[in-house]
Amino acid sequence: MAAFTLWILVLNVFLLGFQARKLASNLKFPIQKCDDSTPQKNFNSFLWLVKRTPPAYFYGTIHVPYTRVWDFIPMNSKQAFTASQHVYFELDLTDEKTMRALMKCQMLPSGTMLRQTLPRKMFKRLKSHLRYIKRMIPKWIKHRDQETSSAGPYANKLYEMLTKDWDKKRPIWVMLMVNSLTESDIKTRGIPVLDQYLALEASRNHKLIGAVENVDEQCKPLNALNASQVVFALNQSLHFQERLRRGQVQVTYTTDDLIDHYNCGDLKSVLFSTQTSLPTLTVNSSLEQRERKRAQEIDQYFRNELIFQRNKRMAQRVITLLNNHPEKDFFFAFGAGHFLGNHSIIDIMKKHGYDVEYVKPEQELPSFKAKKSLNTRRERRKGCRGRRKKSKRCQKKKKRKRPDYSRVRLLQVATRRWNPTRKPYPTKLSEAPGARDISSRKAAASCTPIWTVSLALTCAVTCLLTYSGFR
């Protein structure tokens, strides 16, 4: 999940939790519906061109199922993605280490449970809300499975997957989980979001995938909130969800509205209208004044840490990539909010002297024939044949040290069991001594051959030596 999306969720919790009805009147934007017959020029483009040879592109993504927006993305945006061989995201969502690190950063310290960090009443309210979600999931996914019997087991598995280890997670991540357990999000669960779909397509087409951030840089701002701020945010989130269940409040601006704005409307007016300031409270009680002040402090913190500071960091790393690799083309796919408003990545790039141009939906892209990707093994082997053998890259490959297998052989000798007859160890049940007897056969089958253990140990040491610099 992109950190910008997390910030939008957090801010929306405060907005809706304080005065949902007043917010409804402030968010009445004209939404233009798009269909297949809509002309290409009316589609909204989130593509920017960095004028250089070869070209580099910025593309603004949105964290929704790609099937809802892919057909409305202008053709020149898709062509820019197809033509680029180096695709960079905020995080590399195709990397298993990245996904494991994301899960790890959400967890509380070892031995600490969520009930120990929350007030008792709030923890009971949270459990009650999760039980409600578990009861509602089978009804929400009825359109997938017509038979109730098949929907039940799937619903239970889906609930367990969405709420896995929730009682061991940090409260801020539990709050984000609660806000994502909505009917519309659960119905589309399993469909890759747009940025994830682009990463999968880049991997399938053997493009070189990279990231401009690491997991710690996205997790630390969220985990750095103090306990009182997190409890306050989770309380506001639960309060809104409880009022929503009782029918006391309605969501006036939904994900569908955001998708319509992304496809053919003005996303800038939507994103930044909800980021300007918190709505003014009409009731001047001391409690609400304290809540408003605390919400504004959290709002300012997230605005600075998750938007402005990240824009600076990502823009600087983009500039480093462009300077260090002038011969390569690039396609940078970040959250759309990072390219809009003041102090955006586009503004920072222009301040550093780069000519960045907004690309309209029907605008032609600069002609450039990208070099063939060298991402596959077969293509990498072909790269050092013929005249290319004298290149610096190929010479470096020759200088690499081969693994020192003598240490592995010594280890094999040291772990080998003494065998005076020098006969090979039985590898088949029929060759084992006493195999004629049924009980002996079972005993021979249950005994692990010594060569299996030795082989596993040898493989482990080989990997250790190989990745420790013995090349």
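For all residues, glycine too, the Cβ spot is worked out from N, Cα and C.
The annotation compositional bias 'Basic residues' is assigned in Swiss-Prot to 369-402. Annotation source Swiss-Prot lists N-linked glycosylation site at N226, N235, N284, N342, citing sequence analysis. What Swiss-Prot lists as region 'Disordered' is 369-406. Positions annotated as signal peptide by Swiss-Prot, on the basis of sequence analysis: 1-24. Annotated topological domain 'Extracellular' per Swiss-Prot: 25-449, in sequence order. What Swiss-Prot lists as transmembrane segment is 450-470, and the listing cites sequence analysis.
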C-alpha spacing of N226 (N-linked glycosylation site) relative to N235 (N-linked glycosylation site), in angstrom: 14
Cα separation, N226 (N-linked glycosylation site) to N342 (N-linked glycosylation site) (Å, whole number): 28
Assigned element (helix, strand, coil) containing N235 (N-linked glycosylation site), judged by DSSP: helix
Candidate with the highest Cβ count within 10 Å, taken from the glycosylation sites N235, N342: N235
Around the Cβ of N226 (N-linked glycosylation site), the count of other Cβ atoms that are within 10 Å: 8
